[in-house]
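Report on the structure given below.
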Amino acid sequence: MSDSVEMFTDGACKGNPGPGGWGVLMIYKGVEKELWGGERETTNNRMELMAAIQGLMSLKRECEVVLTTDSQYVMKGINEWMVNWKKRGWKTAAKEPVKNADLWQQLDEQVNRHKVTWKWVRGHIGHPGNERADQLANRGVDEVRAQR
């Protein structure tokens, strides 16, 4: 696995729930690729998850990925909560169904295809990769709104 990909992901939602978008900036050997999309009725957390899922799904072969997100929800889910959710059959400690379990399961499947290193960055402080992902997520929102 010598292919190393830098990936920056972000989600956006206008209203929560409301129209939302996700964005991904990938950099591989100096070449950039942008991905974005959106949904008419969603939440910010779902769009944060979707950005990571779509970015990882777009990779054609097993890669080393450094995935940077500004989402504490994604970071805590992947690094702290998911292992116990899986042990409990996708239930929380309170025995409630995990919110967004459909997307967490997709993310788990994609993470297992690659060697992913997760990084968190504070949002909206001028980090270039994160700012680009944010712009792409907002493009996703704008395109969904334009379809109405």
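Glycine is treated like the rest: Cβ placed from N, Cα and C.
What Swiss-Prot records for 1-142 is domain 'RNase H type-1', and it gives sequence analysis as the kind of evidence.
What Swiss-Prot records for Asp10, Glu48, Asp70 is Mg(2+) 1 binding site. Following the DSSP three-state reduction, the secondary structure of Asp10 (Mg(2+) 1 binding site) is strand.
Counting every protein chain shown, 31 other Cβ atoms lie within 10 Å of the Cβ of Asp10 (Mg(2+) 1 binding site). Sequence annotations record features per position, and here Swiss-Prot assigns Mg(2+) 2 binding site to Asp10, Asp134 based on sequence analysis.
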Do you know the mean pLDDT across the domain 'RNase H type-1' (1-142)?
96
So what sits near Asp70 (Mg(2+) 1 binding site) in its own chain, CB-to-CB under 8 Å and at least six residues off in sequence?
Asp10, Trp120, Val121, Arg122, Gly123, His124, Asn130, Asp134
Among Glu48, Asp134, the one of these binding-site residues whose Cβ has the fewest neighbouring Cβ atoms within 10 Å:
Asp134
Does DSSP put Asp70 (Mg(2+) 1 binding site) in a helix, in a strand, or in coil?
coil
